[in-house]
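Taken from Swiss-Prot as is:
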{"type": "ACT_SITE", "residues": "30", "note": "active site"}
{"type": "ACT_SITE", "residues": "83", "note": "active site"}
{"type": "ACT_SITE", "residues": "99", "note": "active site"}
């Protein structure tokens, strides 16, 4: 990371979202939190929706380390089965990550987030390496559906309290979350990247 460029960019950047504590948030429903954030951006014409993407992070084993998460204070990572963040590629050339579960700034300059939360694949066993499904926000709003059944145990009890608003569904589906979590490029919407590919595609710096 070179100098204070991300800090300088952040200083001139107007967030696309309300403050973190004013965002729609339900613990362990990151896919819906980001859907609601996309909806907010669509309804408040501050930035073109086409500058924004939902980013699903997972892998074949559904075991991905992410650092700087509120669920794990200190220096260690959380091992999620999947996680979802919002990526804003601003017309000013700087990208920002919106992660409602991080202890990093909200929003956070892309390069800062990658360095602190993802670190490097070189230091991670291959089975834990992250992949990224990047979906345009308009496509995510149009196509995502979840009946929240993945958050119920075998007895039908909620593992975590569900959001108070109705389930998100489309005319075609009530539940397609697994198509977004899947890192099979032949499935679902958007494009799938490795971490180096993701950084190369969206970083403002030459890694």
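Each Cβ is built from the backbone N, Cα and C atoms, and glycine gets one as well.
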For residue 83 (active site), the number of other Cβ atoms found within 10 Å of its own Cβ:
22
Listed in sequence order, residues with CB under 8 A of residue 99 (active site) and six or more positions away:
83, 85, 86, 106, 108, 113, 117
Does anything in the same chain, at least 6 positions from residue 30 (active site), have a Cβ under 8 Å from its Cβ, and if so what?
83, 84, 85, 100, 101
Assigned conformation of residue 83 (active site) - DSSP reduced to three states:
strand
